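Chemist: Here it is: the structure, laid out below.
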Amino acid sequence: MGDSDAAGALTRRRRATLAAGRSASLLPMNGRSAAVCQDSVTAEVSRDDGQGKRDRSLETVRSKSKSEKKKCRNDISDRLSCHKTQQSLLSSASGYSNYRGVLNWCVVMLVLSNARLFLENLLRYGILVDPIQVISLFLNDPYSWPAACLVIVSNVFILVALYTERQLSKGSFTELVGFLVHCTNMAVMLTFPAAVVLLVPSVTPVGGVFVLGTYTILFLKLYSYKDVNMWCRELSTVKAKKLARSLSCPSGQTLNGGDRQVCYPGNLTIRDMYYFVFAPTLCYELNFPRSPNIRMSFLLRRLFEMLFFTQLLVALTQQWMIPIIQSSMKPLEDMDLSRMTERLLRLAVPNHLMWLMFFYWFFHSSLNFTAELLRFGDRQFYKDWWNSESVTYFWQNWNIPVHKWCLRHFYKPLLRRGFSKKVSQSAVFFLSAFFHEYLVSVPLRMFRLWAFMGMMAQLPLAWFVGHFLRGNYGNAAVWISIIIG
């Protein structure tokens, strides 16, 4: 209070002095008297300024003194008390979530443990990698490749589906006749290659898997092709009598990237059909999203990744997988459960690593390479399945093309027909179990239903994880099912 009063008095005195100076300058006086009066006013103002500076410096000293006293009191308080209420970092109540160092430690331990296994494998078996052996499998009798011949024959089923849709668009086939032709075509598409793989001894398991995988993809694609064209006919108000663009679609309308928009039945062309066959999707559309151009640097990077991971997968199979499988035959024949469990656990680690490499090779490198080459715009081939906290979330996000197909052409049609969600989900898993068994048992020529039962076991596992495990525990359960299953 005293400091503020002194400052106020100083201000009032300065104003009075300046007023007196102005009054004196207005009175009639000679030059000498005016100068003397002005000098006295200036001197008074200078004294007031000096007093203000001294007051400000005094205030600064006092504020520093107060801060030093406060700091001293805090220092004394810290010395007297060093505890406060808080949680341990590893407790869930702490809210701590930065485990980057722990993650780095896990990666280091993983590298060290697998380096030890790799060194042990080299000391025991030596170097088993032989790229020439793999190449010789393809170059040995190149004119007798039943797998390649079956892939070429698949064009017949593609052209039959296109011809059927053309006849349906012109009204030459009724809907019933077209449906029967499509069903026959797709049924033969699944049984014919399976019969050839089973009856022709020269078809290797690898060739059988490749052929049956190709025909399975074509089966799903042609099923989608049939459904979408049927929906277009249902939505069309006037049936087209000849192969032409619909009048409801202006010829000048374009899509992103300058491509013309196609309307039914203008999509029923060989070029459109084979674009869909090679496109990295299972769901047909009349107008796919297209990228504006082809990025050569992106294309070359994906090509390099494809070649690198192909060589790495072959090397790991020869060096790591085959010796473990060969050493597991006797315990399996003797039904020695303890030795069988030990061999299967040894096999789980390299098998899982190769599965991860295959996932990156196929879903990222290969599909992106194909999409870039065809300027296919939708590149969402997978989502963050590694963060799955439930089995259902994993199956919905690790293979987006298959998930979209099941949702669009199987799950939702069942719901529209009045089936419940649980029955529809069980039907989807049953369909997936069938194709898993189809792709495993037929190429190996052994029918044990292991793949089918393993896939159907996902239903109770999904129920258990969804009801009893949450968060990190659910994620750990998903990883265990992937590695051990």
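Cβ atoms here come from the backbone N, Cα and C positions, even for glycine.
Look at TrEMBL and you will find 42-71 tagged as region 'Disordered'. Residues or ranges marked as compositional bias 'Basic and acidic residues' by TrEMBL: 45-66. Feature annotation from TrEMBL assigns transmembrane segment to 143-164, 176-200, 206-223, 303-325, 447-465. What TrEMBL lists as active site is HIS436.
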Chemist: So what's near the transmembrane segment (447-465) in sequence-distant terms, Cβ-Cβ under 8 Å and 6+ beyond its ends?
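Modeler: Cβ under 8 Å, 6 or more out: 390-392, 395, 425-426, 429-430, 432-434, 436-437, 439-441, 474, 477-478, 481, 485.
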Chemist: With the transmembrane segment (176-200) as the reference, which stretch in 143-164, 206-223, 303-325 has the largest tally of C-beta pairs below 8 Å?
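Modeler: Maximum Cβ contact count belongs to 206-223.
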Chemist: For the residue listed as 'active site', write down the residues of its own chain that are at least 6 apart in sequence and whose Cβ falls under 8 Å from its Cβ; none is a fine answer.
Modeler: ALA451, PHE452, GLY454, MET455
Chemist: Checking distant contacts: for the transmembrane segment (143-164), what same-chain residues at least six beyond its ends satisfy Cβ-Cβ under 8 A?
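Modeler: Long-range Cβ neighbours of the transmembrane segment (143-164): 173, 178, 181-182, 185-186, 188-189, 193, 196, 200, 202-204, 207-208, 210-211, 214-215, 218, 222, 225-226, 268, 270, 273-274, 277.
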